[in-house]
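Asker: Quick one: the structure is below, and I'll ask about it shortly.
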Amino acid sequence: MTAEIIDGKAFAARVREKVAVHVARLKDDHGITPGLAVVLVGEDPASQVYVRSKGKMTVEVGMNSYEHKLGADTSEADLLALIDSLNNDPAVHGILVQLPLPDHLNEDLVINAIDPAKDVDGFCIANVGRLATGQKSMVPCTPLGCLMMLRDHHGSLSGLDAVVIGRSNIVGKPMAQLLLGDSCTVTIAHSRTKDLPDVVRRADIVVAAVGRAQMVPGDWIKKGATVIDVGINRIDAPEKGEGKTRLVGDVDFASAVEVAGAITPVPGGVGPMTIACLLANTVTACSRANGLEEPEELTV
Ligand SMILES: Nc1nc2c(c(=O)[nH]1)N[C@@H](CN(C=O)c1ccc(C(=O)N[C@@H](CCC(=O)O)C(=O)O)cc1)CN2
């Protein structure tokens, strides 16, 4: 039996449709247009693609998009001054600084300069603390997208064993907090975890977010488990022709699909949900900023 494929691209399109409905309501009923400011420092090719997609999709759902593209040699002071002006701009409800930043910039300092109410990435300390203590926060987009897909597939997650492989601030840690919030029994595994295959084999839910191509083979997966693959790794694909490459996840899809109950593909799984959830978070931030009820279906 092969697993159900969780179609993140289609799921993300549905989330964006819901976002568009709420944006139209904010405009028609309250005369407010949500605005998202995206800051890109430098010329990292992947970041340029993601920022372009974010701008395009922001406009498609009816929001205002403000793109700030800064040179790779931008000083910390100049970047902080831009963030300060965006914090104080009433037309901007969400601010995102695309990561990674060039090495000379202190990522923590920059992220924590964003007003927590506008931090639609949910990366600043205030939002991390609120999420960890079960308070209303901005929830990081990738884990939020994973949780939406898991809830849609399972209904309740209560009592399920979940393993998150990877302990990054952007995905692994917030993902674990969200699963805990939904009453899963959560293990965070990482490079020093002993007997990783055995730990993974016990899990009803596996979230792989390590950034190592095809690291998790199918024989680590419990029969019927749900596998959420966050990895996006580019590998050589000589079968496609000389010098060609392709994207793969952190899970070996071909073997895992034979054992899992459900699995997200790469590409077309978690990735598209990241941008859809960014748009959802911007609507949430805009609603909160204006003292309006926030759409329950766009957050957790
Ligand atoms: N400030 C932030 N920086 C970064 C984040 C983030 O959430 N906030 N996440 C990633 C990059 N990212 C969005 O910024 C992102 C990554 C991947 C995708 C996506 O749709 N991937 C596609 C494949 C795309 C391709 O062909 O290369 C997929 O998986 O199907 C969207 C957004 C790091 N930085």
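Quick reminder: no glycine exception, Cβ is built from N, Cα and C everywhere.
Those TrEMBL annotations? Automatic predictions, nothing curated.
As annotated in TrEMBL:
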type: DOMAIN; residues: 6-121; note: domain 'Tetrahydrofolate dehydrogenase/cyclohydrolase catalytic'
type: DOMAIN; residues: 140-288; note: domain 'Tetrahydrofolate dehydrogenase/cyclohydrolase NAD(P)-binding'
type: BINDING; residues: Gly166, Arg167, Ser168, Ile232; note: NADP(+) binding site
Asker: Over the domain 'Tetrahydrofolate dehydrogenase/cyclohydrolase NAD(P)-binding' (140-288), what is the model's average pLDDT?
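Answerer: Overall, the domain 'Tetrahydrofolate dehydrogenase/cyclohydrolase NAD(P)-binding' (140-288) comes to a mean pLDDT of 98.
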Asker: Under 6 Å from ligand 1 by Cβ, which binding-site residues from Gly166, Arg167, Ser168, Ile232?
Answerer: Ile232
Asker: Give the number of CB atoms, excluding that of Gly166 (NADP(+) binding site) itself, located within 10 Å of its CB.
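Answerer: I get 23 for this one.
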Asker: Using DSSP, how many residues in the domain 'Tetrahydrofolate dehydrogenase/cyclohydrolase NAD(P)-binding' (140-288) fall into helix, strand and coil?
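Answerer: Helix, strand and coil residues of the domain 'Tetrahydrofolate dehydrogenase/cyclohydrolase NAD(P)-binding' (140-288) number 59 helix, 30 strand, 60 coil.
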Asker: DSSP on the domain 'Tetrahydrofolate dehydrogenase/cyclohydrolase catalytic' (6-121): how many residues come out helix, how many strand, how many coil?
Answerer: 60 helix, 19 strand, 37 coil
